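K.L.:
Take a look at the following structure, please.
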Amino acid sequence: MAWAFKVPLARYKPHLSMVLAQIGYTILYFFVEASFNQGLNPHVYVTYRYILAGLLMSPFAYFLERKSRPKMTVAMFLELFLLSLIGVGFTMNMYYASLRYTSPTFVASVFNTVSILTFVVAVILRMEVVNVRSPRGIAKILGTLTSLAGVTIITLYKGPAVHSLSTAPIHMERLPSVHENLVKGSILTIASCTSWALWFIMQAVTLKKYPAQLSLTAWMNCIGGGQSAVFAVFLQHKPKAWSINMFSIRFWTITYSGIVCSGIFIFIQFWCMKEKGPVFVSMFSPLATVMVAISAYFVLGEKLYVGRILGGVLVIIGLYLLLWGKDRDQAYINTQEQPSSHCHGLEGTDKEDLTSGEKEVP
């Protein structure tokens with residue numbers, strides 16, 4: 001009886017891991033919002049976060065993967081340098097800078113485009129194959145289009161506001177300068193989402209050459225933290241901006257994001273990407289949007305708009321349509337890999353799939 005529950009649990013372990021990661025990222029949104037309202041510079045935050053994560057992950061990576069990780073070459077180091085530059089130097093700095101000019105709900109909403117962009121790029125690069133003649137291929141296309149419709153509604157249509165809770169347990173006061181430039185914040189958000197999608201694709205490519213997830217996490221955090229430090233020094237010369245008081249909200253934000261988000265969750269993300277691919281990982285990002293919106297409404301008393309509710313529902317429907325299609329893809333691949341009589345000749349729909357040019361890859 002106990003064995004009967006092991007198979008489903010193992011099968012959905014990547015799904016549960018990504019849901020856990022999205023819950024953690026939702027908590028991070030409000031930590032960062034509170035810290036920025038108290039004057040924490042976004043570029044200083046990114047620098048401290050990734051340096052801390054790199055320092056903490058390096059010993060584990062060194063000892064646990066000492067015999068299994070590939071040899072570091074000049075070419076591989078340059079690839080990791082580029083991966084870190086896109087993922088941390090560009091993506092994270094633009095992303096958190098945009099949060100300073102907008103709000104957690106807005107940034108989380110626009111962030112949903114990452115999953116769509118990742119899917120499109122993966123299809124172009126033939127890392128993701130879509131067969132329009134099969135139900136699983138149609139589900140992936142419909143899922144992408146439905147999510148895109150939901151993101152569009154969230155971004156462009158507010159609609160009537162749902163009455164906010166007057167008894168919200170937390171009231172967060174924002175600095176007047178935080179939302180002074182919505183246009184600038186929107187441009188930074190869109191740019192960061194584009195580079196984030198490319199980052200997901202590059203991670204999948206690098207993982208094939210360097211499959212040691214702990215070491216890859218440590219390398220990316222250390223290199224990215226160093227790159228961000230150079231960038232931050234050019235933009236922020238005041239020593240006061242680099243001063244972090246112990247046990248303040250800034251301290252806890254950097255500690256939580258460095259250890260949990262850039263350490264544990266990035267490692268989980270690499271593992272899930274190795275198991276399921278970059279599109280699978282990116283498609284869970286819309287969950288954070290719904291969680292942020294609900295949390296902001298119940299905890300902070302922020303207004304919740306009908307447009308965001310409708311868009312969120314469409315995004316979730318699209319997410320699960322695409323996940324269903326990918327799950328059917330995996331089942332199809334497993335069927336083809338099993339030694340059976342159809343190895344000598346395929347008939348029916350399976351043969352159609354192969355002859356139509358659908359070369360399925362994990």
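Counting starts with 1 at the first residue shown.
Just so you know, glycine gets a Cβ as well, placed from its N, Cα and C.
What TrEMBL lists as compositional bias 'Basic and acidic residues' is 344-362. Taken from TrEMBL, the feature domain 'EamA' applies to 16-155, 184-323. According to TrEMBL, the region 'Disordered' annotation covers 339-362. Annotation comment: TrEMBL describes 12-32, 44-64, 76-97, 103-125, 137-157, 182-202, 214-237, 249-272, 279-299, 305-323 as transmembrane segment.
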K.L.:
How many of the residues that make up the domain 'EamA' (16-155) does DSSP mark as helix, as strand and as coil?
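P.N.:
Helix, strand and coil residues of the domain 'EamA' (16-155) number 113 helix, 0 strand, 27 coil.
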K.L.:
Summarise the model's confidence over the domain 'EamA' (184-323) as a mean pLDDT value.
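P.N.:
Reported value for the domain 'EamA' (184-323) is a mean pLDDT of 85.
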